[in-house]
Amino acid sequence: GGGADGSMLIFPTVEPAFFPNLGIADSVNNLIPFLSQFPTITAGDLVQFAAAAATALRHGAPQLEFLAGRPNATAPAIDGLIPEPQDDVTKILARFDDAGGFTPAEVVALLASHSIARADHVDPTLDAAPFDSTP
């Protein structure tokens with residue numbers, strides 16, 4: 001639970017149950033077998049590599065650089081740390097500043113990455129809805 005450490009794979013009954021993470025259980029369950037098959041790869045590296053590979057498979061998406069070396073999680077993340085989509089800008093910027101001193105421009109860049117994601121449980125009437133209208 002200290003960042004990009006793969007804690008969702010190491011604690012699969014905890015973090016996927018957090019409201020902002022609803023919908024990631026399938027991805028978590030698909031990745032977990034690779035941890036035992038390749039024990040020298042950390043959970044954090046596996047998640048980041050899978051994300052880079054999945055992004056690269058999207059038509060027109062950039063090829064992301066992957067750098068290995070993340071440690072394994074020692075504890076799950078704390079629920080409530082991820083800002084909600086309906087939070088106001090002030091709250092979101094304050095949380096990202098607290099989490100690592102991110103500037104507003106860096107927060108915008110990070111949140112823009114959600115253009116290639118989807119939401120399964122924000123609106124129960126829209127299954128796998130994109131976070132925005134970007135094609």
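Note that Cβ sites are derived from N, Cα and C of the backbone, with glycine treated the same way.
Values in this document were obtained by computation on a predicted structure and should not be read as measured data.
Features of the protein shown, as given by TrEMBL:
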- Gly3, Asp5, Ser7: Ca(2+) 1 binding site (BINDING)
- His114: heme b binding site (BINDING)
- Ser115, Asp132, Thr134: Ca(2+) 2 binding site (BINDING)
- 40-119: domain 'Plant heme peroxidase family profile' (DOMAIN)
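Mapped onto three states, the DSSP output places Asp5 (Ca(2+) 1 binding site) in coil. Per DSSP, the secondary structure of the domain 'Plant heme peroxidase family profile' (40-119) breaks down as 39 helix, 2 strand, 39 coil.
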